[in-house]
Amino acid sequence: MPIEQRGDASVVTHALARDELTRIRNVETEQVAFRKGLVRLGRICGYEIIDGRMETEYTEVQTPLTTTMGERVKGLEDVVIVNVLRAATPFVEGLLKAFPRARQGVISASRDEEAGMNDDGEFPISVEYVKLPEITEDDTVIIADPMLATGSTMATVLDYITSEKTEPENLLVLAAVSAPEGIVRVSEAQPDADIISVAIDDELDEDGFIVPGLGDAGDRAFRTT
C-alpha cells in the first residue's frame, strides 16, 4: 500500500519518500540540497495521494492502430493546494508537479516563538495573509506544511478552510514529519481531515520542536538562520 493507516494519521511508505526524508534530515545537507529534497518529496507525496486517495475511471481511447480501453484519474481538475507560508513553498512546488492544474491558496501563518508554548502544548498563531480560491464540493483540498509539530498552526489554518461556505469532497493535511501531539490536536480540531505524513516522529521537545525531526524547515530551505 502506498499510504498506510497509523492510528489517527496515514504514512507515505514509498521507498523514495523515505530516502528523500533521510537526506533532508541530515544536518550536513546544505540549503540548496535541502530545498530540492523538499521539492522531490512533495512530488512523490503528490503521486502517492493520486494512487491512494483518488479514483480512476475506464475510458475508450483511439490508438494509431485500433480502439482500446484506458484508465484515467478522476478529479485532477478539482484539486486545491494550500501553501502554508513559508516553509511549505518548496514542498508545494513538488506537489504541483503531480497536480499541474491545481488551484492554489496561500495562508501566511506562524507561531509566536517569543510567547512560547502554553501548558496545553499550544502556541499563539499569527495569521498575516489569507488568499484562497473558491472551494467546491467536488474538490480535493491539500493543505501542505512540511512540519506538523504542536498542530497549533494547522488547526488555525483548518479554521479558515472550513469556514468556507462549501465543504470539499476530500480534506487532506500533508506533512513531511509529524509529532504525535500535533496529530492528536488536528484530529480533535477537524475530525474529517485526512492527515498524511512521510514520518511520525517520537515527540516534541520543551520548545515545541519535533524530535528527531529535521530542524526548522523554513530556515533550512531559505537559509535564514
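Note: Cβ is positioned from N, Cα and C throughout, glycine not excepted.
As recorded in Swiss-Prot, the features of this protein are as follows:
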type	residues	note
BINDING	K36, G37, L38, V39, R40	GTP binding site
BINDING	R86, R111, D145, P146, M147, L148, A149, T150, G151, S152, T153, D216	5-phospho-alpha-D-ribose 1-diphosphate binding site
BINDING	I210, G215, D216, A217	uracil binding site
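Every protein chain considered, the tally of other Cβ atoms within 10 Å of the Cβ of R86 (5-phospho-alpha-D-ribose 1-diphosphate binding site) stands at 15. With the fewest other Cβ atoms inside 10 Å of its Cβ, the least crowded of the binding-site residues D145, D216 in this structure is D216. For K36 (GTP binding site), the same-chain residues that are 6 or more apart in sequence and have a Cβ closer than 8 Å to its Cβ are P90. Around the Cβ of T153 (5-phospho-alpha-D-ribose 1-diphosphate binding site), the same chain contributes V84, A109, S110, R111, F123, I125, D145, each under 8 angstroms and 6 or more positions distant in sequence. On a Cα basis, D216 (uracil binding site) lies 16 Å away from V39 (GTP binding site). According to DSSP, G37 (GTP binding site) is assigned to a helical segment. When the binding-site residues G37, G151, G215 are compared by the number of other CB atoms within 10 angstroms of each CB, G215 has the fewest. In this structure, I210 (uracil binding site) is part of a beta strand by DSSP. Distance between Cα atoms for I210 (uracil binding site) and A149 (5-phospho-alpha-D-ribose 1-diphosphate binding site): 6 Å, as a whole number.
A gap of 9 Å separates the Cα atoms of M147 (5-phospho-alpha-D-ribose 1-diphosphate binding site) and D216 (uracil binding site). The binding-site residues examined here are L38, V39, A217; by Cβ neighbour count within 10 Å, the least packed of them is V39.
With respect to their backbone Cα atoms, R86 (5-phospho-alpha-D-ribose 1-diphosphate binding site) and A217 (uracil binding site) stand 9 Å from each other. For the pair G215 (uracil binding site) and L38 (GTP binding site), the C-alpha distance works out to 13 angstrom.
Distance between Cα atoms for L38 (GTP binding site) and A217 (uracil binding site): 9 Å, as a whole number.
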